[in-house]
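K.L.:
Would you mind keeping the following structure in view while I ask a few things?
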Amino acid sequence: MAVRASEISRVYEAYPEKKATLYFLVLGFLALIVGSLFGPFQALNYGNVDAYPLLKRLLPFVQSYYQGLTLHGVLNAIVFTQLFAQAIMVYLPARELNMRPNMGLMWLSWWMAFIGLVVAALPLLANEATVLYTFYPPLKGHWAFYLGASVFVLSTWVSIYIVLDLWRRWKAANPGKVTPLVTYMAVVFWLMWFLASLGLVLEAVLFLLPWSFGLVEGVDPLVARTLFWWTGHPIVYFWLLPAYAIIYTILPKQAGGKLVSDPMARLAFLLFLLLSTPVGFHHQFADPGIDPTWKMIHSVLTLFVAVPSLMTAFTVAASLEFAGRLRGGRGLFGWIRALPWDNPAFVAPVLGLLGFIPGGAGGIVNASFTLDYVVHNTAWVPGHFHLQVASLVTLTAMGSLYWLLPNLTGKPISDAQRRLGLAVVWLWFLGMMIMAVGLHWAGLLNVPRRAYIAQVPDAYPHAAVPMVFNVLAGIVLLVALLLFIYGLFSVLLSRERKPELAEAPLPFAEVISGPEDRRLVLAMDRIGFWFAVAAILVVLAYGPTLVQLFGHLNPVPGWRLW
């Protein structure tokens, strides 16, 4: 064992980013686990079952449904997704380029995220920041929540610099060459997030922090909401694109095939850079004070964002068909049966993609200026984003552990652990699909979101059937979560090591249609130009409205309703 440990230490000396990536992953999945433990209580609430009295006995610090909902949303939708992105979208390009990232900055970003998380968590646990994950003013939390959250989010700016520095060094050593695919995805992803995160940074610096410190009397809720949704919608793609990077560059290899088109993958990511951010007003269709013309423009741009996802569906499906036919699949659908359905690293993202199809269709409804009024602020909305982040993103992250943990730690995954992983991803998928049906159905029956409806059990008798779906989903997902916890820690705490696993290259897929000698690829590789175009689009989409809103500020004092 000592020999094995020394060999692993040697691997970490050669590739120190492995240990930092592992720290990001473990912290992220711990956040997912803790946040998800509150999930069944939310599901039971939407099944008209009030389980919060039981939760208060188990966890006395939980004072209300809304505190549990805040913890669930913050830990799952913000903390887990960000830490997973900081792990994947730094480690993958570093390994593709075979270059060492700036380790001082990588550890700085981890410590910023960790300290920010701890500082923000303390008021959350003390019921001093029960403001939900959207933290809309005039709901006012403790200053430590806003300060910790700001430090946590700003840690991503360090990650941005790390990847841009990797790319710059590679370009300097390889003049005239096209950026490799994974690195291209990472650079575009982080530039997209920089533009997107500016809204949240402005909200925190200009309003939330001075307000919570008592330096100003109040905040204009409409301005704060507008700045939040500047970030709040593109954060969906901050969740999504690390999963897409895995689906494009790792999944075809797991399936036994190749990626059919490198240029299509690049174009999809480039479109996300251009179109992800100037779309936030579709979350504010019901808000006064914003010109309907701008709402319509954002609605149209939101519909355009569906295009790169449709391109992804085509490219990935073609890649999987190629893999299935290489594995002996015949006939119209025989290739599907031939795919490796015994491999959780393959099954998890594929099931996530299947769930993403109705999730994307629901997103078209949300983006519509007229249809959104039917489902706005109903249970339909959490039904939609559970198909996005809780299905595709989370399942892809879970599946990635089966090739990533051995590469980071040298710890093998046994056949029994893989079988357990299959059970987890199928149960998780089943639970999310049942929940999606229940929440979408309840939303169409005007059951509201963000509501403690179990306290008024007679209010929605017409929604009794979809409520049964939500209860069933909560039970299935709890079983899946407990099995996942057992499986994850059985690997992390294992003493068996095989250093050759940690020394092996990542399973990047080969491509059929590559980037060589293509004018489109050369044009897309002018990333600085496209970033400037994206920035101009953001200024055009938000500038006129923000100028108007900042010229007519209406600050109101903070409220505490919990």
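Residue positions begin at 1 at the first shown residue.
From the backbone N, Cα and C atoms, a Cβ is placed for every residue, glycine too.
Quantities reported herein were computed from a predicted structural model and do not represent experimental measurements.
Straight from Swiss-Prot, here's the annotation block:
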type	residues	note
BINDING	HIS72, HIS386	Fe(II)-heme a binding site
BINDING	HIS233, TYR237, HIS282, HIS283	Cu cation binding site
BINDING	HIS384	heme a3 binding site
TRANSMEM	21-41	transmembrane segment
TRANSMEM	74-94	transmembrane segment
TRANSMEM	105-125	transmembrane segment
TRANSMEM	144-164	transmembrane segment
TRANSMEM	187-207	transmembrane segment
TRANSMEM	227-247	transmembrane segment
TRANSMEM	267-287	transmembrane segment
TRANSMEM	300-320	transmembrane segment
TRANSMEM	345-365	transmembrane segment
TRANSMEM	385-405	transmembrane segment
TRANSMEM	471-491	transmembrane segment
TRANSMEM	527-547	transmembrane segment
K.L.:
Counting only residues 6+ apart in the same chain, whose Cβ is under 8 Å from the Cβ of HIS283 (Cu cation binding site)?
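P.N.:
Sequence-distant Cβ neighbours: TRP229, GLY232, HIS233.
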K.L.:
The transmembrane segment (300-320) vs the transmembrane segment (471-491): three or more C-beta pairs under 8 Å (separation of 6 or more)?
P.N.:
no
K.L.:
What whole-number Å value do you get for the CA-CA distance of HIS72 (Fe(II)-heme a binding site) and HIS384 (heme a3 binding site)?
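P.N.:
Per the Cα atoms, HIS72 (Fe(II)-heme a binding site) and HIS384 (heme a3 binding site) stand 16 Å apart.
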K.L.:
What does the structure give for the C-alpha distance between HIS282 (Cu cation binding site) and the residue listed as 'heme a3 binding site'? Integer Å is fine.
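P.N.:
The separation of the Cα atoms works out to 15 Å.
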K.L.:
For the transmembrane segment (527-547) and the transmembrane segment (345-365), does the number of C-beta pairs under 8 Å, pairs 6 or more apart in sequence, reach 3 or more?
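P.N.:
They are not in contact.
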K.L.:
Thinking of Cβ pairs under 8 Å, which stretch from 74-94, 105-125, 144-164, 227-247, 471-491 has the most of them with the transmembrane segment (345-365)?
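P.N.:
Checked against 74-94, 105-125, 144-164, 227-247, 471-491; highest Cβ contact count belongs to 227-247.
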K.L.:
10 Å Cβ neighbour count around TYR237 (Cu cation binding site)?
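P.N.:
By my count, 24.
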K.L.:
Which of the three DSSP-derived classes (helix, strand, coil) applies to HIS282 (Cu cation binding site)?
P.N.:
helix
K.L.:
Report, in whole Å, the straight Cα-to-Cα distance of TYR237 (Cu cation binding site) from HIS386 (Fe(II)-heme a binding site).
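P.N.:
If we compare the Cα positions of HIS386 (Fe(II)-heme a binding site) and TYR237 (Cu cation binding site), the gap is 14 Å.
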K.L.:
Write down the Cα-Cα distance for TYR237 (Cu cation binding site) and the residue listed as 'heme a3 binding site', rounded and given in Å.
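P.N.:
With the alpha carbons as reference points, the distance is 14 Å.
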K.L.:
For the transmembrane segment (21-41), what are the same-chain contacts with Cβ under 8 Å, counting residues 6+ beyond its ends?
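P.N.:
Long-range Cβ neighbours of the transmembrane segment (21-41): 51-52, 55, 65, 68-69, 71-76, 79-84, 86-87, 90-91, 110, 113-114, 117, 394, 397, 401, 404-405, 408-409, 474-475, 477-478, 481, 484-485, 488, 492.
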K.L.:
Do at least three C-beta pairs under 8 angstroms join the transmembrane segment (227-247) to the transmembrane segment (187-207), pairs 6 or more apart in sequence?
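P.N.:
Per Cβ check, the transmembrane segment (227-247) touches the transmembrane segment (187-207).
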K.L.:
What parts of the chain pack near the transmembrane segment (471-491), using Cβ distances under 8 Å and only residues at least 6 beyond its ends?
P.N.:
29, 33, 36-37, 39-44, 47, 49, 398, 401, 405, 409, 411, 413, 417, 420-421, 423-424, 427-428, 430-432, 434-435, 438
K.L.:
Once the DSSP letters are reduced so that anything not helix or strand counts as coil, what is HIS233 (Cu cation binding site)?
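P.N.:
The three-state answer is coil.
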